[in-house]
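Lifted from Swiss-Prot, the feature list:
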BINDING   19, 20, 21, 22, 23, 24, 124  ATP binding site
BINDING   23  Mg(2+) binding site
BINDING   41, 65, 87, 143  substrate binding site
């Protein structure tokens, strides 16, 4: 049985901290599976006509999270999607009712590598602080238990090519589908 057949239209939701590769790996997965790629942050910008930093500035994080939940609810009603989510989508418990309609994949990248990837990125409102490393570590501490609720954890090291990460995900999905009754996420190390 092919992987696409085994998935039977099940959406793949990529979660992880900002800079973890959700966009890059999401596009690769979608292309490989013949799925449609969707980025929740891009959808939020399209729906509101504002950038993420503008939404944070005018509506605060709480306002942004409400819009994010509405967008996720809509996205979850479709099938055959690979969805790159915003890093904080796991915070709101109600979002899990939508995420769990698909296969949730946590892209787990070490903090130093995330900082390297995000250096100079002005489109990350939560990192516009005097100490981005401290902020990123705090976000990790706040969200780690939520990310751990994913069906699959993929540990990614700095030197790993996104194509390799995509292949590792594709190779392990069948066993995750087979063992979906298990409550702990499968873990794939590099």
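Residue 1 is the first one shown; counting continues down the chain.
Even glycines carry a Cβ here, placed using N, Cα and C.
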Got a sec? Which of these binding-site residues, 20, 23, 24, has the most Cβ atoms within 10 Å?
20
Chain-mates of 41, 65, 87, 143 with C-beta within 8 Å of site centroid, substrate:
18, 68, 85, 86, 88, 89, 90, 91
Structural state of residue 41 (substrate binding site), classified by DSSP into three states
helix
To see if you understand the setup: which same-chain residues, six or more apart in sequence, place their Cβ under 8 Å from that of residue 65 (substrate binding site)?
88, 91, 92
Assigned element (helix, strand, coil) containing residue 19 (ATP binding site), judged by DSSP
coil
In the three-state scheme derived from DSSP, which category covers residue 87 (substrate binding site)?
coil
Within a 10 Å radius around the Cβ, which one of these binding-site residues has the most neighbouring Cβ atoms: 22, 143?
22
Do me a favour and check the Cα-Cα span between residue 87 (substrate binding site) and residue 22 (ATP binding site); whole Å is fine.
9
Residue 24 (ATP binding site) - helix vs strand vs coil (DSSP):
helix
Between all pairs in 41, 65, 87, 143 (listed as substrate binders), what's the biggest Cα distance, rounded to the nearest Å?
18
Between C-alpha atoms, which of these binding-site residues comes nearest to residue 41 (substrate binding site): 20, 21, 23?
23
Could you tell me the C-alpha distance between residue 19 (ATP binding site) and residue 143 (substrate binding site) in angstrom, no decimals?
15
